[in-house]
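**Student:** Annotation source TrEMBL lists domain 'Dihydroorotate dehydrogenase catalytic' at 47-335. The FMN binding site feature in TrEMBL is assigned to 62, 63, 64, 65, 66, 86, 139, 172, 217, 245, 268, 297, 318, 319. Annotated substrate binding site per TrEMBL: 66, 111, 112, 113, 114, 115, 172, 177, 246, 247, in sequence order. Residues or ranges marked as active site, nucleophile by TrEMBL: 175.
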């Protein structure tokens, strides 16, 4: 089926309902070993980042498959890597609905999901049963009921549980939909969290005799100075990578749009400029010492190549994938290849 037609049919449903229908359909195909029906060729443009060889530099961002229900089906679509989550120690329902909104004229989404997930134990069991053996990032967070001052306990528990299954682990401290979470980006809270996680990480490396990179996902809503200082802090703690960026709470770019004033994180095309600005600041301070995964506002291949030009080593897509479908993966891989060969993004 033509993806544009499929998307238009899904868009007749409420956003969260269409999301669940898509995942349930994919899970059904996986259950009956029909995932090959989704298969597209994975374009191989290998790149080694954080000591991991990625088949190509275009991955799926966290949030689409929070509970690792469909990793076999998603992998068949040509992604170079997948990221599942955000997962928390205990299951939680997230925020009350409606909590997901489309802004089609802006090719954007607003979500205030609130880390709804089945819990880390259920996710890990699904990953063990999956056939997927590619690069898998696992994005971890804290439960909403856990006070910020006790956040380390939740992150450390999740890190222990997912360590043996993950290619890399992402510490999500930037979602706007869990009260107080972004306070963990502040200097004192960040230092305490990273110190504790690095200690636990070192113990896990020894226990499993395997090094799993530790990555931090940051917000776009900060000053230039804050972005620079945060990057410097990540370097000091020898974090392996940083994902730039999560969704934004700003609304200037969607003022007057239906649902444009809804609370939550804004993603898609309106996020691109802000996300790219923070990316350029992070890259300038990182100076190649930590890997950078660029995400936010990638709607075509040129957008993906622009992230690479600004300093990203890898890119991720989510909202663009919802609007443009699997062709966006292919277009992005080709545009990044063209940029790396010639130094100019393929428009």
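Note: Cβ is positioned from N, Cα and C throughout, glycine not excepted.
As the structure is a computational prediction, the values presented were derived from the model and not from experiment.
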**Student:** Around residue 114 (substrate binding site), how many other C-beta atoms are within 10 angstroms of its C-beta?
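**Tutor:** There are 20 such Cβ atoms around residue 114 (substrate binding site).
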**Student:** Please give me the recorded positions out of 64, 66, 175, 217, 268 that lie within 10 Å of residue 246 (substrate binding site), comparing Cα atoms only.
**Tutor:** 175, 217
**Student:** If you measure residue 318 (FMN binding site) to the residue listed as 'active site, nucleophile' at Cα, how many Å is it?
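**Tutor:** That comes out at 15 Å between the alpha carbons.
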**Student:** How big is the gap, in Å, between the Cα of residue 172 (substrate binding site) and that of residue 217 (FMN binding site), rounded to a whole number?
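**Tutor:** Cα to Cα, residue 172 (substrate binding site) and residue 217 (FMN binding site) are separated by 5 Å.
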**Student:** Out of the recorded positions listed (62, 64, 139, 175, 217, 268), which are within 10 Å of residue 114 (substrate binding site), Cα to Cα?
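**Tutor:** Of everything listed, what lies within 10 Å of residue 114 (substrate binding site) (Cα to Cα) is 175.
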**Student:** For a quick check of packing: other C-beta atoms within 10 Å of the C-beta of residue 217 (FMN binding site), how many?
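**Tutor:** Around residue 217 (FMN binding site), other Cβ atoms within 10 Å: 26.
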**Student:** Inside 8 A of the center formed by the CB atoms of 66, 111, 112, 113, 114, 115, 172, 177, 246, 247, which other residues of the chain have their CB, for the recorded substrate site?
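**Tutor:** The surrounding set, listed in chain order, is 63, 86, 94, 175, 176, 178, 264, 265.
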**Student:** Take the domain 'Dihydroorotate dehydrogenase catalytic' (47-335) and average the pLDDT across it for me.
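**Tutor:** Mean per-residue confidence for the domain 'Dihydroorotate dehydrogenase catalytic' (47-335): 96 out of 100.
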**Student:** Cα-Cα separation of residue 62 (FMN binding site) and the residue listed as 'active site, nucleophile', in Å?
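**Tutor:** Computed Cα spacing between residue 62 (FMN binding site) and the residue listed as 'active site, nucleophile' is 11 Å.
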